[in-house]
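Structure record follows, encoded as structure tokens.
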Amino acid sequence: MPRRAEILRLPMAAPDDVSAIAASLRDGRLDPGDVVAVFAKTEGNGCVNDFTRPLAVQALRGLFGPLIGEAALGRIAMVMSGGTEGGLSPHWLVIAAREAAGPGPALAVGQARTPPLAAEDLGRRAQVEMVAAGVRAAMREAGLDAGQVHYVQVKCPLLTSERIGAALARGAAPATRDTLKSMGLSRAAAALGAALALGEVPAAAIGETVAETDPGRHARRCGASAGVELLDHEVVVMGMSPDWTGPLVIDHAVMADAIDLRPVAACLGRLGLLGPDGFVDEAGRARLAALLAKAEASADGAIRGRRHTMLTDSDIAPTRHARGFVAGALAGLVGATDLFVSGGAEFQGPDGGGPVAVIARRSGAAGPA
């Protein structure tokens, strides 16, 4: 039987505020047994010591555990992305899937988890291959082939002082001893893993470390986010399949730089969300289920020839600058601030740019966004 995906975009008052999800469970909009993934933008710093992410995971486990059983919690991918700089609004994206009759094509969703990653493998080819295997497993679960995939969301681990120390104690050498740098290395390897699984980057082009890989080789349909709250990888694949039904559709674009909105506008236009003035209008916003994007400060320190200071600010990490900057540009286009914009786009789109995915309801389709 075909399957049907649903998405609820819900507000949060704090990282541990699951009241909106709980209300959706009570009123029947959401069946706990159908939930396959929960994404969130939490109001931490998005760096190594952002504990809003594990706090949110703890709250989710406390909500769903009594409903589906502790043993079943592992089948829900909990992808927390810290950082709501600028006007970004903290929010939840709850993704569910169930059997349902009806015509396709429609949004298809699959998720998978990898084994735990050894600290010494982070940022190296072993991590790339591990994530590639996870992406392939999620594609199989969704019934998608590489050409049908529009976006892959990966949550990957980072290195802490304790994890580095444990690796050194057993005679292993991590790729870095810098915990903040480890986030970028992990995101890079995760993105290359997705690109490998999707056929965007050949295996021969990937070095033994991400530093040995040409940055011109990058994923075009992946967003990777690193966090302290896990040791493995959570992988969620989204695409369009004739074997899925329902009102949801997905499309994607790639921004060439931080202000490159034309591809995003074209994507929104293909989904019928733009008004006559070229911006998402009220009717389009009612149909917008989710927007996911990656943001990165360009390595050359400039945007279209004009200098930026995101890389030279000693007070604020460049990922935080980029997240707020790109989110503002996208929010102006769509007229909404509860967008899943994630900083740190290593090997995710071209330098300074990044992939964007838009999920929408077909015109005339009812349902909460």
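Just so it is clear, glycine is given a Cβ too, placed from its N, Cα and C backbone atoms.
Here the structure is a predicted model, which means the values were calculated and not measured.
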Legend entry - Which of R53, R61, R163 belongs with S81, G82, R187, S225, A226, R323, S342, G343 in the substrate site listed by Swiss-Prot: R53
Inset, instruction - Return the member of E296, A345, G349, P350, G353 nearest to R323 (substrate binding site) in space, with distance defined Cα to Cα and candidates limited to these binding-site residues. - result: E296
Inset, instruction - According to DSSP, folded down to helix, strand and coil, what is A345 (Mg(2+) binding site)? - result: coil
